[in-house]
Amino acid sequence: MPPPPPPPQGAMATGAANHPLPCSVGRPKGTNQRRRPASLSVRASSDANTVTLLDYGAGNVRSVRNAIRHLGFNIRDVRSPEDILAADRLVFPGVGAFGSAMDVLNRTGMADALREYIRRDRPFLGICLGLQLLFDSSEENGPVSGLGVIPGVVRRFDSSEGLIVPHIGWNALQITKDTQLLQGADGHHVYFVHSYHALPSDANRDWISSTCNYGESFISSISMGNIEAVQFHPEKSGATGLSIFEKFLSPNSSGAKAPAHRKASKLAKRVIACLDVRSNDNGDLVVTKGDQYDVRDHSSSKEVRNLGKPVELASQYYIDGADEVSFLNITGFRAFPLGDLPMLEVLRCASEKVFVPLTVGGGIRDFTDGSGRYYSSLEVASEYFRSGADKISIGSDAVFAAEAYLQTGTGKSSLEQISRVYGNQAVVVSIDPRRVYVKSPDEVQFRTVKVSSKGPLGEEYAWYQCTVSGGRDSRPIGAYELAKAVEELGAGEILLNCIDCDGQGGGFDIDLIKMVSDAVTIPVIASSGAGSVEHFSEVFEKTNASAALAAGIFHRKEVPILAVKEHLVDSGVEVRMQ
């Protein structure tokens, strides 16, 4: 598997730095520099306030940088194997696939330098893949040999019995060793996003500091001397994660953290805040909200609804307890997505203040600009990742890819390209269906459901026709068929909308969500229609949805995020409480 491509030249590579929007938290010098996979920047130093970062150029490492800087530390990037050996504290936020990461480390000579650094028992923190690479090998596109520091093989979660894979969301730790790094983390949820895991064994038991249960017990952190590594993402685990980072960076710090409202025991259901972002008639980026995808007021002004500024709202939702923040870019730039510099800047600024996962969708596709320069969807997605996105959401392109796949049985779509390089956990497919009532399932070739409420002519069944271009154009494929196809093509998560319910406040379309969440073994996010706290408990009690997303009720302050979570706790639903 090849490492991620370098950013394309021209507008994408330099434009964002030339057209910044003001951030309330200023970006340190050099934040917008672009990095190739094997080109890692400055030599390490012995400065007590400096952390050495091994960034080999795959995925979103900006969030780790922001967390380190948020805690008052400077960053030196690794350029050579010697820089690793000269580090006082080394952070390795592994992102992407095991094989491509080891290829870069071996090709640059950094694998041997890492082994020697760890042998010397120098302070080391590995994150996610940075933990997995310490083991002997991985089955991911393999077997592939790892660094061989810890005995064991990294294996994929087994979805054959219905386990949802990837393991995405906030789960609980079972702490097995008294370590400073995890002091205070007991009873709190931390954020995981991965499909592969290392299992405890007699050979590696002395390394294990915590485990996590998801289908089976797997290793969630290790500790041996000064060597620490975690499978979860502390930079995306809110205050708890920042406290863990602080304990590594400042071993004498207490790492203050908010008390848990309820002891975490298992994977939590997620509550996600969604921000539809577009330019208004004055050219300013605003958060808006549609009524069945119509974002203009019904008054005589017909202006785009303005519900606030994107970064400010995202920051507030993080403070309020949102488990994720999702940006949907509906601002345009249809002919040239990478000309959308303000949206990239929104991501950069938000990632400096929001320490939970960020998803962005809209405009992620192959395209050719006016000069004939071709840009692949992988290049577009790479820029969003570098700007702070943890996951990208694909809409219309996924519909076309699924149609082609169902016709030919093969595909070379944007979805597959991005999934191969960044892992399927980084790819969300957004499905926008519209309900079509029928009298009998025999009337259509698509999967139907017996609806809870009959249609206008007394129809008892419906199928859900998928749309593209923001709901403007219908396609000959159903939501069930699309969901099954994109799972095969490499999607790691499905965002399931419903045009009929959008902006209505009458609740999620339970019939649709149950049909799709029962059909796939990847996480499903319920979207469209939330109007009360009861709608959230209903969707979790009646369907297999892993998360529920809302927009308007949060923007208009009709239903606070905390009220949703308190209601879910009272209903017996596991959620993350700050």
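Cβ coordinates are placed from backbone N, Cα and C, and glycine is handled just like the others.
Under the heading active site, for GATase activity, TrEMBL lists CYS128 (among others). Neighbour density for CYS128 (active site, for GATase activity): within 10 A of its CB lie 27 other CB atoms from the protein chains shown.
Here the Cβ of HIS233 (active site, for GATase activity) has 25 other Cβ atoms within 10 Å, regardless of which shown protein chain they belong to. Per TrEMBL, the feature active site, for GATase activity maps to HIS233 (among others).
The active site, for GATase activity annotation in TrEMBL covers GLU235 (among others).
Note on ASP276 (active site): other Cβ atoms within 10 Å of its Cβ, all shown chains, come to 25. The feature active site is assigned by TrEMBL to ASP276 (among others).
The local packing around ASP432 (active site), expressed as other Cβ atoms within 10 Å of its Cβ over all shown chains, amounts to 28. According to TrEMBL, the feature active site maps to ASP432 (among others).
The annotation L-glutamine binding site is assigned in TrEMBL to CYS128.
Sequence annotations record features per position, and here TrEMBL assigns substrate binding site to GLY363, ASN497. The Cβ of GLY363 (substrate binding site) has 24 other Cβ atoms within 10 Å, all protein chains considered.
Residues annotated as domain 'Glutamine amidotransferase' in TrEMBL: 53-248. A mean pLDDT of 94 is what the model gives for the domain 'Glutamine amidotransferase' (53-248).
Feature annotation from TrEMBL assigns region 'Disordered' to 1-41.
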How many other Cβ atoms are found within 10 Å of the Cβ atom of ASN497 (substrate binding site), counting all protein chains shown? 29
In Å, rounded, how far does the Cα of GLU235 (active site, for GATase activity) sit from the Cα of GLY363 (substrate binding site)? 27
Alpha-carbon distance [HIS233 (active site, for GATase activity); ASP432 (active site)] in Å: 30
In whole Å, note down how far the CA of GLY363 (substrate binding site) lies from the CA of ASP276 (active site). 13
Other than its own, how many Cβ atoms are within 10 Å of the Cβ belonging to GLU235 (active site, for GATase activity)? 30
List, in sequence order, those recorded positions among HIS233, GLY363, ASN497 whose Cα sits within 10 Å of the Cα of CYS128 (active site, for GATase activity). HIS233
Using C-alpha atoms only, work out the spacing between GLY363 (substrate binding site) and HIS233 (active site, for GATase activity) and round it to an integer in Å. 27
